Amino acid sequence: MEEPQRINDEPNDSVVPDPAGPSEPAESDSEDEHTHPNNADEPSIRRKQNLRFKELLSARAEEITAEDIKEVIKATKDDELSMSNLLAKQDFASVIHDPREYQVELFEKAKKDNIIAVLDTGSGKTLIAVLLLKHIIEQELIDRSAEKPHRVSFFLVDSVTLVFQQAAVLQNNINQRVDKFCGAMETDLWNGETWERHLAKNMVIVCTAEVLYQCLLHAFVKMENINLLIFDEAHNAKKDHPYARIVKDFYLKDGNAKRPKIFGMTASPVDAKMDVVKAARNLETLLNSQIATASNLSLLRQSVPRPNEEVWSYDRLDQPFETRLYKELRSRFGDLRALEKLFTFSLKASSNLGAWCADWVWSYALTEESLPKLEGRAARTAMGNLPIAKIVRPEAEIQRIREASEIIRSHKFGDPAVRPELLSPKVRRLHHELLKYFERHTDTKCIVFTEQRHTARILCDLFSRIGTKHLRPGVLIGVRSDASGGMNISFRQQVLAVVSFRKGEVNCLFATSVAEEGLDIPDCNLIVRFDLASTLTQYIQSRGRARHMNSTFAHLVERDNFVHRESVNHLQSSEEIMKRFCISLPKDRILNSDDVDALYESDRNRKSYTVQTTGAKLTYSSSLVVLAHFANSLQYEKETSTVVSYYHRFTKNAFVCEVVLPEKSPIRGIVGKPASKKLIAKQSAAFETCLLLRKHGLLDDHFVSTYHKRLPAMRNARLAISSKKSNQYDMKVKPKLWETSRGIIPTSLNIVVLGFRPRRLLHREYHPLVLLTREKLPHFPEFPLYLEDDIECDVICSSISSGFQVSSHDLEVLTTFTLRIFQDIFHKVYDRDVGMMTYWLAPLNLSCDISSSASRDLLDWGILQFVFDNPEIPWSSSNSAAFFANRFVYDRWDGRYRYFTHGIDPSLRPSDPPPSSMARRRHMGNIMDYCLSLFKNARKKFLENCDWTQPVIKAEIIQLRRNLLDKRTNKEKIKEGDYYICLEPLTISAIPASVAAFAFAFPAIISRIESYLIALEACQELDLPISPELALEALTKDSDNTDEHRAQQIHFQRGMGKNYERLEFLGDCFLKMATSISLFAMNPDNDEYDFHVKRMCLVCNQNLFKTAVRFKLYAFIRSQSFSRRGWYPGGLTLLQGKGQSKGATENKHALADKTIADVCEALIGACCLLASKNHRFDIAVKAVTALVSSDDHNVLNWEQYSRLYSIPKYQTAVVDAAELDLAAQVKKKLGYDFKYPKLLRSAFTHPSYPSAWARVPCYQRLEFLGDALLDMACVEHIYHKHPDKDPQWLTEHKMAMVSNKFLGSVAVRLGLHSHLNHFSTSLQSQITNYVEEIEAAELESGDPPDAWTLTSDPPKCLPDMVEAYIGAIFIDSGFSFEVVEEFFQKFLKKHFEDMTIYDTYANKHPTTYLHNRLAIDFGCSNYCLKAGEVPYVDGPGTRVLAAVIVHDEVVAEGVASSSRYAKLKASEAALSKLEGLPPFRFREIYGCNCQAGQSEAGNE
């Protein structure tokens, strides 16, 4: 007899689709995965929305013009503006008009040659630069049109402030793109691609010289990329200044054809006490330029009037002497090195300034604000270069500095206005002269130049006391953030000082050399050199500040002091020599090559190294910077700083330096070449180390580290992680438990009885099965399956306490039954291998009582033996009618066709056509033909030899639905009609129909059991005893956007049970509380801000994600629903049937980083619901420690929090009568009796209250703690009271419970407001008004629970008091959470018994209201609210654009400084636009057909 052929032997024969399953080869068991049963358009909708928003963002970035920004700038206060906008708001950036003749003359020269324009300060050198830039840009545009390489102009300055100032000037005078860069923008971290972008989009770049120099060194920019170099204050080009290095290292090394044009600007080419002519020639040589000045000086004089130059003589100064205060400080603290410079200045000031000024320096040098820097200096000094054995602990020195501060605080300074003898003759003369100018209201503006910063500060303070009411002094000194003695100043403060001077708010500026050059300070009519100019440049530049007609430039000169007189005369004569030299220079002169060679004389002993492929250059001086950047790149987040160490030693008349790199560097360092100077030795060592790093591939071809520094976790912008971007991670598909003893033939087995408890009567009988395993399984919770017509049935998994011994025969019987289940029911034939079986199945003995029977007796051995003995049930036509009823029948050749029989239908014969109730198949000739799944020859032979007289059996086809964990889809609800079959083409299974019916549910059951086991494995990794139910809930993610609670769920996975959302909501709150308690206990001296920053680092998603990845929690997350291929046991070889395809990715899943972090919070939430022996939060505390993985939270149970806490001194200090009275009053009101009344005092002390009076900290620390504790109490209440609400609802309604508005009303109702200690008149009136409003609201409304929602917002201090009080009782009670709960139950809970009254309050938020409007009122699901930072906008800060997009159309937009407020604005704008719009009109305008689509889906 010919062997029957399988259908898939004939691939060319087409298959007609039928409703029983998709069209496929007959071997198929119809188990193709439908991974995304949802709307297939959802991903494309999301992509379209993202694309639409990106287009909008790009468009808006261009539309937000300079005019928009100017409007914002105008409306913003000066002290709130950024540096660039602060300068833009002033007239620094005014448009320059009408060049004068001498400016045009110099411009024409600059067009032809490299020149250094020498003109007085204020004579318009910048205009010449603007004219030249416009000319160069015109040429550049022509060159670009001829497809020549792009080139850019660089305007170089010597200070950061000038970057902003000159950029503002150029932006207002040049109609091409101008950008500005300085080191503060972290330009040293930019790579070549970044610079390429800037060069491509800008015509002019204004930057500090160091920025360009570093670029040239790294070859990110080359001389051939530059068409013009402008050197502002060109006299700085000397020695190793970046101006000089740019020219020497790059400009002169390039060929003439590649060199850019050079234009220098200076008031004087001489910046030192040296021969004027020689200095000028050196500058010309160095800048490869010719000095040029106005040929007609009279024209220049007419444009820039010269001031009247005067000498103010003063009597001879006294010798430096020790004042009484100086003596006292010197005798007690003269050995403190941290105060050494102050002592030196004070002594000199006694002569130069007078006794009062000599003492006054201490008044600000030892203030509370200045002490930290002095203390830091003391600590560094103590730990400095001393050997370890001699290191002195700095605490004593710091304490002595504080003692000095106390002396100053109590010192009585004399009144210099009453006692002029306290001032030096020099200061008295200055005072005498200034009084003349400021004796009445005047427009006079004066700058007094001093040599030292302290002098400027002291004179400013002095003249604020002894000046007239019309003299308004101010101070302008150089930027130094590291200065001690109260003299640290930022760029911002410097610019604000200039702004005040420009506005006339200050009219007498005491300034150091910073006011001499560069900064655009308005014209003055009085300039005083309090300290004489030391160089010609100083002289000319400071004099140039006096530009008004009839202005005065005065030198303060000591009477009969030849040195002073000669100094002034020398400067005046030097200026004349310099001018004659400039005018007499021949026009056709060229630079002497010997002069150029002389430039490199100092560099002859310094090597350099150039990378030929890129042109990047390493020099002695640049090697220090390169090495510092390399070390910095080794730093990883919060690890210790990676600093290069340099160690010097002196041997054989030379210095030798050794470099030691940080520990993580693959190369530790090298010893440099001997050198005569310490600095050169250091540079040599750095240079040689860089070469070694380059040799080992640790520096690339641009001398940039091949490592990349991880930015600090502290940076808030980096704490958030993406909730959209997904990565592929390994996913556990089978629990580890199955593998532990696989491969070994067991001698005993454990039992789990599987059964159903239906909610309604089932139509079919289901015979329970027994799951047999090698290892004892844990107790599993009940979970639902949906059988037949979506009848919900609870699956009960009863784990039997004791196992039973099995023989080899028993195992053979059990293995046969289990494999027969896979073969007959699921069309899978496995290789028989008892040792590799994961588990076994057996029918339950229905006559046994589970609770009392022996384990072995629970198995129905009769059915097991029958199946073992009979591979199938034979039949014949002579069998009785009863034989044909209630059988399980299957098609051995086609896995789609399985039936339960009902009995014989005598009205039909095999040769009759199939009734119309049966789905169409390929062969519809007759019933016999319909039931046969063979092809051609085999089919023909079978039909020739079959019994055509056999009965026709009425049967029910079994649906191929496997995922019984969820209700049927619309497609699955299609009712199948009756089927009529012949048995000869089919096989009657030996498995009883009731057992088979239950077995069809087994894939869903075992899938959920395996999910429980995998979830428990994750908990075991963390050593957390979480129950299976909570563990699985915490690890279940059932859609791509699970966290977007009310958005349409993308790729929703059906039948997965509860997802992690609610547990995450609870865990997030507990995490906040736990870390707050730990930080509070461990850091008693930290302020609230420190707490917030540290907590932010602990609870941020980035930190949780990092820990989760370390534990590989991603593998345990359940992100995929029931798998038709994945539920089968592993270990066995599949011989027949479809297995998991080779290309399947079921062991991988895509997870967003935020999802992994959210799961951590969900696990913590799960632990909150577990009972513990001692404290109910013990396991949750342990979970937090495991998942934050930080020393800042390292406790294993609740009780350990209190052990961390070191009681601060103030808490146990002696309690005074007022504090006892306060505690008694509060006990009467609230019922809590404080052990430490100081804590209560602290809780009610406002930050404005002076600490010297309070003697306790203000409430901010306790408020930080109380806020987290109250959050937890509220969240627990709302979580348990509303088990069916999603996290969005919970969050919105929790906001009401912890809102400042509610807590403010609580403070008043409990009478706490009267106990607040504060020092603010305005606050008092605010509290009074608010209390009156609350009392009025109570009278009017009758005091309903939500009366507080109708009042205005309270002063912030009132809710802070409540939270601080909660923190205080928590600490006072020894870290008892119960007292917090008691407070909640007693005073807060009554307001929230009915949360529905707060629905309106929650929905008032514009974003929530917009969602409800679109989703509920309009029935739209294709909408989104997106936000993103607007790129390249130089506004007053970060600019974020938010947009509401409906069906690809932008409905509304909002721009703000943060995403939160931008979304708020966009939502409000969208609501305004949608107001009054009927649904039909909405659908017309936006083309919305969502409701129609939903209707169609519902009717499928």
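Easy rule for this one: first residue shown is 1, then count along the chain.
Glycine is no exception: its Cβ is also placed from the backbone N, Cα and C atoms.
Counting every protein chain shown, 23 other Cβ atoms lie within 10 Å of the Cβ of Lys125 (ATP binding site). What Swiss-Prot lists as ATP binding site is Leu119, Asp120, Thr121, Gly122, Ser123, Gly124, Lys125, Thr126, and the listing cites sequence analysis.
The Mg(2+) binding site feature in Swiss-Prot is assigned to Glu1263, Asp1360, Glu1363. Using a 10 Å Cβ-Cβ cutoff, Asp1360 (Mg(2+) binding site) registers 28 neighbours.
Neighbour list (His1447 (Zn(2+) binding site), Cβ cut-off 8 Å, at least 6 residues apart, same chain): Cys1420, Asn1422, Tyr1423, Tyr1486, Gly1487, Cys1488. Per Swiss-Prot, Zn(2+) binding site is recorded for Cys1420, His1447, Cys1488, Cys1490.
Marked as domain 'Helicase ATP-binding' by Swiss-Prot on the basis of sequence analysis: 106-287.
Positions annotated as domain 'Helicase C-terminal' by Swiss-Prot: 426-597.
Taken together, the residues of the domain 'PAZ' (862-990) have an average pLDDT of 89. Annotation comment: Swiss-Prot describes 862-990 as domain 'PAZ', evidence class sequence analysis.
Among the features that Swiss-Prot reports, domain 'RNase III 2' is placed at 1223-1374, with the record citing sequence analysis.
Feature annotation from Swiss-Prot assigns domain 'DRBM' to 1408-1476.
Sequence annotations record features per position, and here Swiss-Prot assigns site 'Important for activity' to Lys1356. In sequence order, Asn1300 make up the list of same-chain residues 6 or more apart from Lys1356 (site 'Important for activity') whose Cβ falls under 8 Å from its Cβ.
Ranked by number of Cβ pairs under 8 Å to the domain 'Helicase C-terminal' (426-597), the listed stretches 106-287, 862-990, 1223-1374, 1408-1476 are led by 106-287. Neighbour density for Thr126 (ATP binding site): within 10 A of its CB lie 20 other CB atoms from the protein chains shown. Taking a C-beta cut-off of under 8 Å and a sequence gap of six or more, Cys1490 (Zn(2+) binding site) has these contacts in its own chain: Gly1419, Cys1420, Ser1421, Asn1422. Across the range of the domain 'PAZ' (862-990), the DSSP-based residue counts are 30 helix, 20 strand, 79 coil. Across the domain 'DRBM' (1408-1476), DSSP classifies residues as 26 helix, 22 strand, 21 coil. It is 60 Å from the Cα atom of Glu1263 (Mg(2+) binding site) to that of Ser123 (ATP binding site).
Cα spacing between Leu119 (ATP binding site) and Glu1363 (Mg(2+) binding site): 66 Å, rounded to the nearest whole number. The separation of Asp1360 (Mg(2+) binding site) from Ser123 (ATP binding site), Cα to Cα, is 59 Å. With a 10 A radius on its CB, Leu119 (ATP binding site) counts 24 other CB atoms from all the protein chains. The DSSP secondary structure for Glu1263 (Mg(2+) binding site) is helix. Same-chain residues that are not part of Cys1420, His1447, Cys1488, Cys1490 yet have a Cβ within 8 Å of the Cβ center of the Zn(2+) site turn out to be Leu1414, Phe1418, Gly1419, Ser1421, Asn1422, Tyr1423, Val1446, Phe1482, Arg1483, Tyr1486, Gly1487, Asn1489, Gln1491. The CA atom of Thr121 (ATP binding site) is located 60 Å away from the CA atom of Glu1363 (Mg(2+) binding site). Asp120 (ATP binding site) and Asp1360 (Mg(2+) binding site) have their C-alpha atoms 60 Å apart, to the nearest angstrom. In the structure as shown, the Cβ atom of Thr121 (ATP binding site) sits within 10 Å of 22 other Cβ atoms.
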